[in-house]
Amino acid sequence: MYIKKINLSMNKILFFMILLVSIIQGHTNVPTYIYNIIYLMVFLIGITVILCTHKKLFINTEILIFSILILLLTLLTTVFARGYFSLLSAVKGLTSFYIFVGITFIFLSYDKYAEEYWKMINMLAQFAIFLVIIQSVLYYSLDFKLHLLPVIGNCFFRAFETSSHFRPSSLFSEPSHLAEFVLLSLYYYLYIKKKFLVVFFYLLGLIFSTSGLGIVGSLALLLGYFITYSTDLKFKYQKILVFFSKLVLIILLFVFFWFVFMVGFESKNWLINRLISGATVDARVLRSIDIFSKIGSVEKITGVGLQNLANYINYHGIISEYNNISTLQNKEYAQTLGYILVTTGAIGFAVFMSVWIKLICKGDKKVRIITLLFLFVCLVSNVLTRAIFIVYLVQVLGFVKRDK
């Protein structure tokens, strides 16, 4: 009993550390090596607990196959690539990915603690959205700018502000990172617990954050819910859903008319353009596809190598029409699916996608939706090298393990 309590406490602490890293990651004042040290520490402590308690390590076969494949592709690229390829960079990329997968397998080895993982995610998501709402209410009603307060402003009330718009993100470095985290908790309260008041609370916060990822993702989750569960609902829940749907629609219309007619000509199309164009969709989604179309035939099959995208672009002088200031400063950047496509080629991409397509085809409604949510986040965000990737893997693959 004592050992079990230690395992539970240790796993909760380690998972909470990963959640904290997913929140603060992206803050410019935190060096990257700090995150790497935390990842390594979590992995080593976790694997030590597994060995000492003789716990069987969970392994997802499909993810393991993909992990072996990218190693083989890296070795192949090492032999045949010329000029641009950096083996050291590739090794760093492989090591980072393997540690992420290892941490995921460690957390999934304790499936009885799955609800504890959800509790921590939900607690932090609710706190973050609460802060966003407080920020927004004070900003729009009193012109009080919490993000400008010394110390606590930069820790708890982060925001982007220009003459035309205000984008609060509370604990997170930017609204898109907030959305990635909150959408997972929104899924939980919509599809698992069916607490629609919390869902409304999240929707309100995501609208205030103006994150295109958050708004589109939450609406997609709502649409998915109506499609998959509307026939299973009791009448009283139908009334609640209709009420909150109308309320959300009214709020969306209010936001629309506020930005169009009240804020002024300079910003009247700003929020609408973010939603229609997907905010930075060109750089986030289309750039990696454009680059893939311009790389060599061999690289299209085997990839240019992990952490070698920038090297390849610089060496061959590739210029994408979808570049922006961020991608010119960080040429390695690409949304997750596009990055896997370019760096591991069609072979790696096909194997990676087969993992999730299998879940969509064979899983139940809840598994399908959370898998689609994960793929949506991967399509518009770069999560492969961030802690939120571990969080999503644990929750998605956790369903699969419990079903078995």
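Here the Cβ of each residue, glycine as well, is placed from N, Cα and C on the backbone.
A TrEMBL annotation is a machine prediction, not a hand-curated record.
Among the features that TrEMBL reports, transmembrane segment is placed at 36-52 (among others).
Panel annotation: around the transmembrane segment (64-85), residues 94, 97-98, 101, 298, 302-306, 308, 311-312, 314-316, 344-345, 347-348, 351-352, 355 of the same chain, lying at least six beyond its termini, place a Cβ under 8 Å from a Cβ of the stretch. What TrEMBL lists as transmembrane segment is 64-85 (among others).
Listed as Cβ neighbours of the transmembrane segment (91-110) (distance under 8 Å, sequence separation of 6 or more from its ends, same chain) are residues 7-8, 11, 14-15, 18, 36, 39-40, 42-43, 46-47, 49-50, 55-60, 63-64, 67, 70-71, 74, 117, 305-308, 343, 384-385, 389-390, 393-394, 397-398, 401. The transmembrane segment annotation in TrEMBL covers 91-110 (among others).
Annotated transmembrane segment per TrEMBL: 122-142 (among others), in sequence order.
The transmembrane segment annotation in TrEMBL covers 199-228 (among others).
Residues or ranges marked as transmembrane segment in TrEMBL: 240-265 (among others).
Per TrEMBL, transmembrane segment is recorded for 337-357 (among others). Residues 60, 62-63, 65-66, 69-70, 73, 93, 285, 287-289, 291-292, 295, 299-309, 371, 374-375, 378-379, 382, 384 of the same chain lie 6+ residues outside the transmembrane segment (337-357) yet bring a C-beta within less than 8 angstroms of a C-beta in it.
As annotated by TrEMBL, transmembrane segment applies to 369-394 (among others).
With a threshold of 8 Å between CB atoms, the same-chain residues lying at least 6 positions outside the transmembrane segment (369-394) that come near it are 15, 18-19, 21-22, 25-26, 35, 39, 63, 96-97, 100-101, 103-104, 107-108, 117, 121, 176-177, 180-181, 183-184, 187, 191, 213, 217, 220-221, 224, 228, 278, 281, 284-285, 333-337, 339-340, 356, 359-360, 363. Sequence-distant contacts of the transmembrane segment (36-52) (same chain, six or more residues past either end, CB-CB distance under 8 Å): 6-7, 10-11, 14, 17-18, 21, 96, 99-100, 102-103, 106-107, 109, 387.
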